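What follows is a short report on a single structure.
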Amino acid sequence: SNASASLGNIRNAQDAQQIAISLWNNYVEKTPQRTKLIDAFMAFLMVVGGLQFVYCVIAGNYPFNAFLAGFSATVGQFVLTASLRIQTNADNENDFKNLSQERAFADFVFGSMILHFFCVNFIN
Amino acid sequence: MKSLVRCALGALLYSTVALAASWSFEDASISVSGKAAGVGGASKEKLSPNSPLTSPLALPAADSLKVILTTTEGSTGKRAHQAFLTLHEPTTGLEESFPFSVKENGKGKVEVTQKDLPFQFLTSTQPLKASLVIASFGSSTPYNQHAFDLSIETDAAAAPAVPSPPERYTSQPEIRHMFKADPRSPPAVISLVFTLAVLAALPALLGAWLLLGANLDHIGKAFNASPVAHGLFFGSIIAMEGVFFLYYTVWNLFQALPAVLAVGVVGYVSGSRALTEVQDRRLAGER
């Protein structure tokens with residue numbers, strides 16, 4: 001029974017690995033190219049936000065409002081990009097019949113400008 | 001008729017004055033008991049309103065003096081508003097009063113130990129004179145009569161009673177306060193490292209976009225179709241970020257807001273044109 005239990009664990013680990021790999025392959029094949037561009041931007045935002053957070057943890061949070069401004073800039077931009085992704089994803093066409101992709105992009109730019117203004121204001 | 005009423009009123013008033021009640025007490029007893037003595041060890045005496053006790057009571061150091069009575073107005077037990085056991089020191093004339101805790105039916109008690117007494121009582125050479133004071137609102141005559149004498153037995157072995165030092169208001173010793181150090185910015189090296197890391201993420205993003213097949217080759221086509229719109233749109237986005245930079249460095253809000261408005265209007269108009277051109281290319285299947 002020990003052998004079968006360890007075999008079961010190995011099988012579970014292999015299953016998890018296989019699930020992850022097939023998930024990745026599915027993503028690469030099925031996702032439209034423009035959505036992948038947006039995903040690359042979101043990954044970039046996560047990296048930048050993570051770097052700021054690590055810096056805050058290591059080097060202290062003085063001045064705190066500067067950290068908040070920078071971090072919330074990445075977070076807010078991530079949220080705006082996520083909504084752009086939802087609105088322009090080809091799989092969601094049915095929900096956004098009245099919204100052209102260019103209009104979604106224009107809203108994205110407008111929201112980003114407002115976010116940048118508030119963040120620049122908050123850095124002080 | 002009028003004279004009859006007047007007579008009746010006069011009789012009523014006279015009777016009220018004649019029958020004016022006076023405060024007193026009944027069922028009074030006084031006991032001195034120590035903690036270790038138990039029930040039977042207490043010395044108990046009965047008090048009566050009209051005659052004080054003849055021999056003085058002794059209050060040893062650790063014992064407590066307890067007085068129990070029932071305040072009465074006239075002949076009915078009633079709660080008096082003020083009921084005190086007042087101790088009076090004959091040589092100095094110092095007085096201290098201890099209030100009874102009285103219930104609605106008039107039953108009250110008070111307990112006094114040597115700890116409650118001011119130090120002048122403890123060092124007194126003569127017995128203290130204890131009197132009971134009972135009074136309240138209304139027109140009943142109050143009661144204030146000498147009830148018994150109390151001699152304080154000091155404990156020879158205990159430390160002598162000393163008065164607390166008098167309160168003197170002078171300047172206090174100087175306070176030296178160490179203020180917390182101001183927060184400082186982290187070392188420039190760390191900030192530089194992280195800034196470079198963030199800046200390095202940007203070409204990584206551009207590279208990922210190129211890898212994914214971003215259509216940079218359409219730039220020529222787009223600018224040929226509508227150069228003004230695309231140029232103004234892209235330029236207005238850059239200009240907006242430039243306005244934010246100037247707002248951060250030099251300008252104040254009121255200088256920045258008109259610039260934001262102007263650039264925003266340009267961007268909106270040019271943007272709608274530019275994005276229409278993009279939409280044409282998308283609908284034509286080129287994206």
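Keep in mind that glycine also has a Cβ here, set from the backbone N, Cα and C atoms.
Nobody curates TrEMBL annotations by hand; they come from automatic prediction.
Model confidence over the domain 'Ribophorin II C-terminal' (B:179-282) stands at 88, taken as the mean pLDDT rounded to a whole number. Annotated domain 'Ribophorin II C-terminal' per TrEMBL: B:179-282, in sequence order.
For B:1-20, the entry in TrEMBL reads signal peptide.
Annotated transmembrane segment per TrEMBL: B:188-212 (among others), in sequence order.
Sequence annotations record features per position, and here TrEMBL assigns transmembrane segment to B:232-250 (among others). Long-range contacts of the transmembrane segment (B:232-250) within the same chain: residues 256, 259-260, 263-264, 266-267, 269-271, 273-275, each at least 6 residues beyond the stretch ends and with a Cβ under 8 Å from a Cβ of the stretch.
What TrEMBL lists as transmembrane segment is B:256-275 (among others).
Long-range neighbours of the transmembrane segment (B:256-275) within the same chain, counting only residues 6 or more positions beyond its ends whose Cβ lies under 8 Å from a Cβ of the stretch, are 222, 226, 228-234, 236-237, 239-240, 243-244, 246-247. Shown for the domain 'Ribophorin II C-terminal' (B:179-282): DSSP residue counts in helix, strand and coil, namely 86 helix, 0 strand, 18 coil.
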